[in-house]
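Colleague: First the structure, then my questions, so here it is.
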Amino acid sequence: MPRSERKDTLKQRMSFFQETKMKQEEKFVADQKNFLDTTLKMILSNNKREIAETERECLNKKQELIREREATLWDMEEKNLLDKHQLLKQQMKDQYFLQRHLLLKKHEKEQEHMQSYNQRMIELLKNRQQQEKTRLPKIQRNEAKTRMTMFKKSLRINSTGSASEEREKIKQFSQQEQKRQKAERQHQQQKHENQLKEMMGQCESNIRELQQLQEIEDELSAKKRDQEAFFMMKESTDNSNPSSPHKLSKFVPYLDSSTI
C-alpha cells in the first residue's frame, strides 16, 4: 500500500477512535448525571417521608393531649355551652330580621334610583324631540324658500311657455313642496313615537333586570344566612354534646400532602 494511502487510513482510524471515545465519554457523563438525579430524588423523597411521619406523630400527640384536656373540662363547660347555644339562636334570629330589613330598604332605594333614572332619560328624550319638532318648521321654510328660488330660476332659464303656464308650474311645485313637508313632519312624528316606545321598553327592561338582580341577591343572601346558621348551630350543637374521655377532638387527623 502506498505511503499516502496508509497515512489517510491512519487518519481515518484516529478520527474514528476519537469520535468513539468522545461518545463513550458523553454517555458516561449522561449516565452519571442520571444516577445522581435519581439518587437525589430518592434522598429528597425519603427526607419528605421522614418529615411527614415526624409531623404526623407530633400532631397526633398534640391531639391526644388536647382530647385529654377537653375530657376533663367538658362537664364544667356543658351548661355554659347550652346557654350560649340558646343565646346564639336568638342572636341569629335578630340578625336575620335586621339583614332582611336592610336588604329590603336597599332594594327600595335601588328601585327609586332606577325609576328616577328612567324618568330622567324619558324627559331628556322628550326635550330633544320637542327641540327637533320646533326647529323643523323653520328648516322647512328655509328649504322651501331655497327650493322655490332654484325652481323659478330653472324656469327662467328653460322657459318655453307663457307666464300663466309658469305660474301653474310654480303652483304645482308649491303643492308638491307642501306634501313633501307634510310627509317629512309625519316621518318625524313617527320617528319620535318609535324612539319614545323604544325608550319606554328600555326603561321597563331596566326595571326587570334590576328586579332579577335583586331576586338573585336576595336568594344568595338567604343561602348565605342559612349556611352561616347551619355551621354556627352545628358547631354549637357539637360543643354542647356530653363528652367522655374518648370524645373526638375538633381537630382533623393529619393528612400527608404527598398522599393527596
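Keep in mind that glycine also has a Cβ here, set from the backbone N, Cα and C atoms.
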Colleague: From 23-56, 227-260, which range did TrEMBL mark with region 'Disordered'?
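Modeller: That would be 227-260, per the region 'Disordered' entry in TrEMBL.
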Colleague: Just give the helix, strand and coil counts over the compositional bias 'Basic and acidic residues' (164-195), going by DSSP.
Modeller: 32 helix, 0 strand, 0 coil
